[in-house]
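Feature annotations, courtesy of TrEMBL:
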COMPBIAS  9-20  compositional bias 'Acidic residues'
DOMAIN    38-92  domain 'HTH merR-type'
DOMAIN    209-333  domain 'B12-binding'
REGION    1-28  region 'Disordered'
Amino acid sequence: MTNSSQQDFDVEPSADDPDASDPAPRGVAASGVTGIGIGAIAQEIGLTKDTLRVWERRYGFPQPMRSPGGERLYPQEQVTKLRLVKRLLDAGHRPSKVLAQPVDTLQHLAESSGVGQDAPDAELDHLISLLRKGAYEEFRFWVLKRATRDGLERFVLDVAAPLAARVGNAWAAGSLQVYHEHLFSEAIQSTMRTLMRPLGDALRGRGGRPRVLLTTLSGEGHGLGILMAEAMFTLSECECIQLGLQTPLHDIVEAVSAHNIDIVALSFTAVLPAQAIANGLTDLRNLLPSHVRIWVGGSSPALRRKWNEGVVHVAGLAPIDETVAEWRQSAVL
Ligand code: B12
């Protein structure tokens with residue numbers, strides 16, 4: 001992310017805020033004005049309320065209506081455009097070049113820069129169509145069959161990861177609902193755990209290093225990234241401790257000490273604002289002993305910035321094996 005777009009995100013909260021209580025998150029205000037409240041929009045799209053207000057002042061978009069109490073209410077077409085805007089910004093476009101454009105222009109921009117475009121793959125398309133028509137047993141069967149046929153590594157890299165991106169694109173385009181995402185996550189998680197368990201069990205107690213703790217920080221509710229990362233760490237013969245989602249910092253620190261952890265691996269999608277990620281990582285770095293490494297991954301554009309030497313951005317799943325090998329070379333075991 002460039003410095004100028006970073007500034008557009010990192011703004012101080014404003015005092016005296018009529019939106020603060022956000023009393024009408026979704027629906028119709030007393031006056032009959034329909035729209036979605038600023039808190040609900042910010043959460044859904046992965047922005048802060050202050051960013052939305054700054055854009056309104058600086059670029060004239062979004063342009064919400066007001067409830068009788070003065071709270072901002074965003075009509076559906078502005079929400080749709082905001083989703084597209086966020087995805088373009090995540091891909092590196094600047095707010096100044098994007099926010100004032102009409103939605104058609106933004107759609108062309110997204111198409112020409114590959115944002116939200118899926119690579120052709122008939123089998124993945126078939127899986128999406130099973131999800132869409134509610135054929136969950138069939139979906140689970142195909143996922144498990146492909147996983148059994150291909151093995152853990154190929155399943156993660158060729159199916160689970162691109163399928164997650166496809167499901168996200170279909171959700172953004174309105175062709176899958178949030179409950180489809182839940183069902184998709186459930187099927188992928190249970191398949192991956194089934195495949196991973198025997199190797200994970202066999203590694204336990206062998207004294208293999210590094211010992212890796214995996215989790216997400218508060219506010220990051222997406223768990224497939226750390227699960228996929230766990231699969232790759234396990235295949236690299238690391239002993240993994242999976243804490244699941246949204247672990248408070250002090251609990252991470254306690255688990256690190258209790259399990260003699262070498263690396264804390266965290267995953268970030270684009271839902272957490274850049275500033276929240278920076279604060280969380282700075283605080284965690286200060287709380288952990290210096291020999292414990294923090295490795296971060298995931299699609300959050302905030303990870304593209306330069307981190308201090310105590311935080312390493314691992315760009316994707318495939319480089320995990322090599323990064324672990326480098327750790328082993330540099331560590332005194
Ligand atoms: C499944 C899903 C959900 C499920 C999550 C269930 C669960 N228990 O995990 C549910 C339905 C709960 C959900 C909720 C939400 N979601 Co959602 N979700 C997804 C989906 C389809 C997959 C999520 C996921 O786990 N991705 C994480 C991994 C798999 O992908 P990745 O970040 O690109 O990371 C890759 C690599 O970098 C690497 N990696 C990841 N982590 C790590 C870590 C390390 C150490 C390493 C080395 C590598 C590595 O592995 C990945 C595979 O290549 C994505 C689509 C997508 N493209 O990710 C949307 C997506 C992340 N969700 C989104 C949104 C907006 C939301 C909600 C706000 C609204 C909603 N849909 O309900 C809430 C917010 C919840 C919260 N507070 O965090 C948006 C975020 C967009 C944005 N700019 O903010 C996405 C991108 C969908 C979209 N296209 O718009 N979601």
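Note: Cβ is positioned from N, Cα and C throughout, glycine not excepted.
Caution: TrEMBL annotation is automatic and unverified by curators.
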Stretch-averaged pLDDT - the domain 'B12-binding' (209-333): 94
The domain 'HTH merR-type' (38-92), counted residue by residue under DSSP: helix, strand, coil: 34 helix, 5 strand, 16 coil
